[in-house]
């Protein structure tokens with residue numbers, strides 16, 4: 001006979017960070033006797049939910065998708081931006097086999113390496129650091145002809161801010177003693193995603209045929225002329241950069257083309273124009289026989305080209321591992337965060353695992369959640385208490401949306417009410433667990449509600465924060481909490497409490513030290 005499950009409940013308080021400052025801190029201002037009692041009597045600490053600790057760039061605030069992915073995966077899940085940045089820092093980028101293969105083929109035949117990408121510090125579709133590294137890699141591997149075809153931003157950056165980026169790349173090439181910027185064009189053309197193929201055609205013909213509406217003898221002169229025509233970065237028309245005595249650059253047979261955008265959606269159309277044998281969206285004057293066309297990441301599985309950083313499938317995430325061990329689990333949230341405790345917590349998988357059940361509680365239909373700061377938390381709690389009392393599940397994962405969704409409204413009084421409602425809900429869960437001898441871990445995915453005003457502007461602060469998040473053990477065991485934890489350590493902690501061995505794929509470390 002199997003033992004009756006005494007559930008381990010993971011309570012994720014969305015947007016519930018920790019700030020030492022009491023100013024405009026809805027958690028500090030709220031009446032929260034249950035929370036205060038837990039912090040006074042139960043082992044607790046703080047863990048990181050932002051920046052490189054969750055696979056985001058340094059200093060980047062966390063978000064719900066990334067937070068739940070890390071919580072469920074039991075390892076830091078690096079986003080594409082940080083995977084590439086980390087590879088450059090570690091030096092691995094410069095030996096990337098997919099890029100190296102294309103570059104080396106071109107070098108062996110004394111052909112050119114063409115670098116395409118959004119030249120921008122924006123960090124949304126690309127980062128100029130990555131383009132600099134690519135130019136350095138091509139030079140290191142012996143390329144004599146290195147050409148950058150720069151797409152200008154102005155959407156994820158100010159509308160007229162491209163000049164420092166162009167100057168930086170000019171300086172990079174000068175330092176290498178080879179290579180140059182060959183063309184500039186706005187992202188409006190090169191990075192269309194709405195099947196406006198006439199725009200993509202302008203970019204393709206500029207890069208492949210050197211066909212341009214305008215020419216200039218330097219990248220900065222090209223930009224200045226565009227500004228004089230009334231164009232901002234995003235809308236700069238096709239311009240070939242042709243220094244005195246040179247010709248417009250073309251893509252020739254045997255050249256290598258490396259597309260350095262890491263975000264897929266706006267890189268697909270131009271990539272298809274380069275590599276699809278039966279491409280028919282616009283007539284190509286010429287389709288060069290390339291030594292290689294490389295996508296930095298997989299823009300689409302259907303595009304016939306290799307990628308330098310293929311998707312990393314997440315295996316043995318918490319849900320999958322529990323299912324393999326015959327454990328039952330319940331995922332529960334209201335509509336606003338239901339995808340987070342299911343799809344994202346399961347590492348990007350839609351289907352439930354064997355032994356997994358799900359409960360979706362509808363979110364209230366109000367214009368903004370400051371009008372109903374309790375949201376559907378009481379109804380969510382009703383179902384959790386019922387599930388605990390039934391003792392049917394080994395693990396229950398619940399998300400409470402209030403801290404984040406009410407925090408986003410910027411209404412301080414509503415945020416305080418949201419925290420007070422959460423406190424009542426936690427009290428009910430703790431009481432139910434007490435009766436059956438269950439345990440809970442309380443944490444958050446990122447901060448928000450602990451900072452409701454931006455002190456520098458005096459305006460409401462509606463965004464997430466980089467603050468650490470609480471980690472509280474609720475139960476009868478004697479244990480201590482180690483410092484320096486991150487969200488990726490939560491799943492290994494749950495396995496420790498359940499007496500299950502941690503799978504090799506989970507590289508996080510348990511936060512609890514059992515006495």
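A Cβ is built for glycine as well, from the same backbone N, Cα and C atoms used for every other residue.
Pulled from Swiss-Prot, these are the features on record:
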ACT_SITE  64  active site, phosphoserine intermediate
BINDING   14, 64, 445, 446  Mn(2+) 2 binding site
BINDING   125, 155, 156, 187, 193, 263, 264, 265, 266, 337  substrate binding site
BINDING   404, 408, 464  Mn(2+) 1 binding site
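Feature map: annotations from Swiss-Prot on the structure.
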residue : record                                  : DSSP (3 states)
14      : Mn(2+) 2 binding site                   : coil
64      : active site, phosphoserine intermediate : helix
125     : substrate binding site                  : coil
156     : substrate binding site                  : coil
264     : substrate binding site                  : coil
404     : Mn(2+) 1 binding site                   : helix
445     : Mn(2+) 2 binding site                   : coil
464     : Mn(2+) 1 binding site                   : coil
Cβ neighbour count (10 Å, all chains) around the residue listed as 'active site, phosphoserine intermediate' is 24
Whole-Å Cα distance, residue 445 (Mn(2+) 2 binding site) to residue 464 (Mn(2+) 1 binding site), is 10
Note: in the chain of residue 404 (Mn(2+) 1 binding site), residues six or more apart in sequence with C-beta under 8 angstroms of its C-beta are 14, 15, 16, 64, 337, 445, 446, 448, 449, 464
Out of the binding-site residues 156, 445, the residue with the smallest number of other Cβ atoms within 10 Å is 156
Whole-number Å distance separating the Cα atoms of residue 125 (substrate binding site) and residue 408 (Mn(2+) 1 binding site) is 25
Across every protein chain in view, the count of C-beta atoms other than its own within 10 A of the C-beta of residue 464 (Mn(2+) 1 binding site) is 24
Comparing the Cα of residue 408 (Mn(2+) 1 binding site) with the Cα atoms of the binding-site residues 156, 193, 264, 266, the shortest distance belongs to 156
Among 125, 155, 156, 187, 193, 263, 264, 265, 266, 337, which the record lists as binding substrate, the farthest-apart pair of C-alpha atoms sits at a distance in angstrom of 33
Out of the binding-site residues 125, 193, 266, 446, the residue with the smallest number of other Cβ atoms within 10 Å is 193
